[in-house]
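Annotated features, as they stand in Swiss-Prot:
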type: ACT_SITE; residues: Glu531; note: active site
type: BINDING; residues: His530, His534, His537; note: Zn(2+) binding site
Amino acid sequence: MLRLPRITRRALSSGALAPHFDRPLPPPPPAPPAPLCALPPLTAPDALAPLTRRTVRHADALVARIAAAPAHPDPAELRRVVKNLDRLSDVLCGVIDMCELVRNVHPDPHWVAAAEKTYETLCSFMNQLNTSTGLYDALVATVSHTFPGNPLSPAELRVAQTFLSDFERSGIQLPPGVRAKFVRHSDNILSLGRTFLSFAAAGPSADTPIEIPEPEVLLAGLSSKFVASLPRKKRKGPALLAPGSWEAQMIGRYADNEEARRLVYIGSMREDKDRVYVLETMLKERAELAHVLGKETWADVALSDKMAKTPQNVLQFLTSLATHHRPSAAADVAALQRLKALSTVSRTSSQLPTVHAWDRDHYAEQYAASLLPNGSLPSITPYFSVGTAMSGLSHMLSRLYGISFKPVSVAHGEVWHPSVRRLDVMDEHGKRIGVIYCDLFSRPGKPSAGAAHYTVRCSRRVDDDPSEGDGLPPGWDQHLGKGMEVQGEALHGKEGKYQLPIVVLTTDFGTVEESGPALLGWNDLETLFHEMGHAIHSMIGQTEFHNVSGTRCATDFVELPSILMEHFISSPAVLSTFATHYTTNEPLPIPLIQAHLQLDQSLKALETHSQILMALLDQKYHSIKHGEQLDSTRVWNELQSQVGVIPPVRGTAWQTQFGHLYGYGATYYSYLFDRAIAGKIWSSLFARGRTGPAAANHDPAAAEDILSREGGEAFKEKVLKWGGGRDPWEMVGDVIGGAEGEQVAKGDEKAMELVGRWMIK
């Protein structure tokens, strides 16, 4: 059994890591600008156009080489097809993924515009390659060949199968004219999806302000100063609010008058016909694309290579969860109803009043206060500066996986804003294994779409690239500038040299001032640990092949490492190892941790049921068939009436703010699915009997058991290191072990049922 020295606070001293995040950084010394993210081609916005041309030229050469491989006289060239396809994917994705970051986070509109253009060009180019019969035929010939004495490895076969699935999902076996339809529909979906996401990120339309008549009366419960600060139509006229604004949120949460809350809710969720049209057109385009591919629905297409496999399996999983959770969610609503009854002075009926959507936040706030002896809790934010949390993360990861964070100063021009910090991820041998850029702090104009993890570059082995056979003449790129290729670095325990991963985490955690650090609330802390779970998957999942590296795995598996990280941060024993007051250095009192964790669990059934509803909505929207009409608002209202515990609100169209409908189309269930698996792994590997009161034990032995290297190594070796290079069902079965592990490893309907039971437990 692997054991590390007993945890002490001295061992967890923050060193240089906490100041790296908790103090303003001095500007880098004057020097010629470095390229963005230290990637040589990214010197200026106008460098993206030649990089795009270079990328297409290199990709064209690789396509020609791969397509010619079956007719090549040397069988070794056919043997290289999987490697060369992976190189082709890396050449394109290395630029596309970088542009995805730039167009979402860069404050310079010139960079954003250039990235948008490159992104569109290369995504369209990639969609065309997905229908290339030359590439597909070469891959089929490769996997059909025996290659005596040098067969394809399991990793190569996994990568090949991933590419074959991509081709077949793109209708590769269809006639040429039909394949052209695939490209057209895919381009339409890409364009509509981007528009839909921009609407969702922007929040409710502000074209028509919310009007609150007689604000002095309707806004009782809010301070007179707040009410007086609201703009008016005229001196004694109604107060005007921007939908979704901070002021609107304050009224929705704290106004005692139900009519005020109702006006704000409807105004913030009102139906915008243009936005509804974009969503419904995108969903219909997906249904049309499914029809082109010979599938009934987009859900059939999207789930064919996921763990769940079919829409029927997903619906069974979600329906069983909804049936199980609905009584508990209804009990949560009943608690809110009782609070509403107490505040409804004129009520004459003995029946409890209905809790509407505009009541939920208001009475949830009151319910939380009712659980506390004095109506409130001392804040925990002073114990969680960003630097303290990062130090705790680094030490936790060191104990579990043998990796840690090293703060690194950035060069002038390396990052898109001075507040961005760089971390090098180090192994136990002092070797860098990757880079994380942390864009964690608020700034004017920063996109407010929430936290995100961007993979700028995936890992892959590069020293065995057969680039001499690409058919490109010497100096072919001289007029196009540098590419994204690297020489690679040696990694401990791995043969060859690897391209190291680069990831970016973005959040909105306040600002660092000379007067003090940015402090994290509980939700912020969960967000940081969750997003870091994705980053660590990228760092540890360094496979030989780009296409299965790190987070490039099934959508309904990719959230597992991140949700597992949430379990660690919910452990008082783990929190007690690093949470200290940013001014006094006093440890966070354990009773305060426990009280906040208990508060965080209040109304949890209602929140879980809301997630189930959203996942069901995603399935319903993506289960429409070719030619079917769709009224997305009617579908949402019916679902709330049939399965929900809070009635729908007519005249609203919340679904246009559900941005995950694009990125997670038909796979939003993944959060619930991976939560079930993460809970099982947590109890099997890490908690091991420390559930309930035992989990609150905060002596060093409790932390040692939870942060056990034995458990960390098991998860690292059986899950994280594989990225997407192994069947996820087999990974889950391997890490769970025993009879349940054997059953779940089969990945059949019974395995799905078993995961559902884990969630219910």
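From the backbone N, Cα and C atoms, a Cβ is placed for every residue, glycine too.
Annotated Zn(2+) site His530, His534, His537; additional same-chain residues within 8 Å of its Cβ mean position, judged by their own Cβ, are His453, Glu531, Met532, Gly533, Ala535, Ile536, Thr551, Val558, Glu559, Pro561, Ser562, Met565.
In this structure, the residue listed as 'active site' is part of a helix by DSSP.
The most densely surrounded of the recorded positions His530, Glu531, His534, His537 is His537 (count of other Cβ atoms within 10 A of its Cβ). Calculated from their C-alpha atoms, the gap between Glu531 (active site) and His537 (Zn(2+) binding site) amounts to 10 Å.
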